[in-house]
């Protein structure tokens, strides 16, 4: 039984609430998960556009001249800080937006944040498509970043709070599924628009308006989550929302609602400021560590910059522009297959198994890519590598991406959205997203320079971090599969290390001692 061995806010043994897979919960979660489309589309479209010659000719002609120089180092073709600022500016704006979104989410709800985020992303896509100078590009990117920061903060929480406990992992994974779908759509768009001379890049950037408009329209027709409504003092709407998404005669809606209400009441009683409690409270130390560690390790896998710059990477090893974009399409398809497998496995095998297996595979493939590039790129004055080895790099990147998409890719959204108690849930998610987006900004800004300076060793740099994060997960992350959100404290109370920091109420302590 899901949740067996854990205890509710009332001190009793937690039962499986038996909420079924209703049409309402499917549609509601589908809409929330679709927020991943805008994040994924932005990741995919940027790397493709920044290697399009028509785009470079208009905004960054010096990069285009450097690419055609016979004396240019194979690793340094795209080393231009203003060009990378076009990519990275979105992430720093997203970081700032995610912090603001925490306050808005707590006061106005998850739905309002998703609506605001979708609207900002829509505005940014229109400005980018019509850009006539670099200033317009950067302004548009900042608005896109605000949209991503708002939606990425709210959507995973919405999914975790709405999904039935037994399928929470699969539903929250759907956010990453749509993120990968967005990346694939962007790469496909780039493949066709790359053939249009002069203005094909405008179509690629402008098509971001399609998923943004979809999210804005969808957010108008769904209700907020029961937890958010209770926390904001509207229990009647919360009960109605819970009944709608659970449905069915077998669902114990009243029992689940009581646990949600009890958790929200506890949050109100100790409402001294969610950020202050997360940063200073001893009983929240484990949450703070995970809020920082998970996004840090996620970004230092190197997958973020690989996803953004895969067309640039493929051009670096010797493919022409069209084949480089095609390579990114293939990588996105492989990534999508990995997410589908993860969705099927996450609530069966658990989070830790996927984390550890994925980490081991990613480590091996990173080392293999580094070896091929060390042996065969830039040797004897060549600016490319033999075609067979270049294809090998593409294959290894596909395998690496598949391993990531089964493990760290979706689980980066699943685990942070479910481990925090309700009183710090918005703040915890905000810290997680802020750390992730800050690191994404830093990496996208310096990756091309690092590739130029470190050459093949950059992949060994990321491999070292993959090793560190796999050891960290093995030692410090407890399994959260099948545990109701309101009982999650008991998971930490049973962990060999974190139990010294966990503060349980008196009833829970009594129950734990009886186990």
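Yeah, the Cβs are placed from backbone N, Cα and C, and that goes for glycine too.
Pulled from TrEMBL, these are the features on record:
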type	residues	note
DOMAIN	28-481	domain 'Major facilitator superfamily (MFS) profile'
TRANSMEM	21-41	transmembrane segment
TRANSMEM	82-105	transmembrane segment
TRANSMEM	112-132	transmembrane segment
TRANSMEM	138-160	transmembrane segment
TRANSMEM	172-193	transmembrane segment
TRANSMEM	199-222	transmembrane segment
TRANSMEM	287-313	transmembrane segment
TRANSMEM	325-346	transmembrane segment
TRANSMEM	353-374	transmembrane segment
TRANSMEM	389-409	transmembrane segment
TRANSMEM	456-477	transmembrane segment
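Sequence-distant contacts of the transmembrane segment (389-409) (same chain, at least 6 residues past either end, Cβ-Cβ under 8 Å): 176, 180, 297-298, 301, 303, 306-307, 310, 313-314, 317-319, 327, 330-331, 334-339, 341-342, 345, 354-355, 357-359, 361-362, 365-366, 368-369, 372-373, 375-376, 469. Annotation: stretch 138-160 has the most Cβ pairs under 8 Å to the transmembrane segment (112-132), among 82-105, 138-160, 172-193, 353-374, 456-477. For the domain 'Major facilitator superfamily (MFS) profile' (28-481), the model gives a mean pLDDT of 83. Within its own chain, the transmembrane segment (456-477) has Cβ neighbours under 8 Å at 289-290, 293, 297, 300-302, 351-352, 355-356, 359-360, 362-363, 366-367, 369-371, 373-374, 377, 408, 415, 447, 450, 495, 497-498, counting only residues six or more beyond its boundaries. Scored on C-beta pairs under 8 angstroms, the neighbour of the transmembrane segment (199-222) with the top count among 82-105, 138-160, 287-313, 325-346 is 138-160.
Here the transmembrane segment (82-105) has long-range neighbours at 42, 46-47, 50, 56, 59-60, 63, 112-113, 116-117, 120, 134, 137-138, 141-150, 152-154, 157, 228, 274-275, 308, 426-427, 429-430, 433-434, 437-438, 440-442, 444-449, meaning same-chain residues at least 6 beyond its ends whose C-beta is under 8 angstroms from one of its own.
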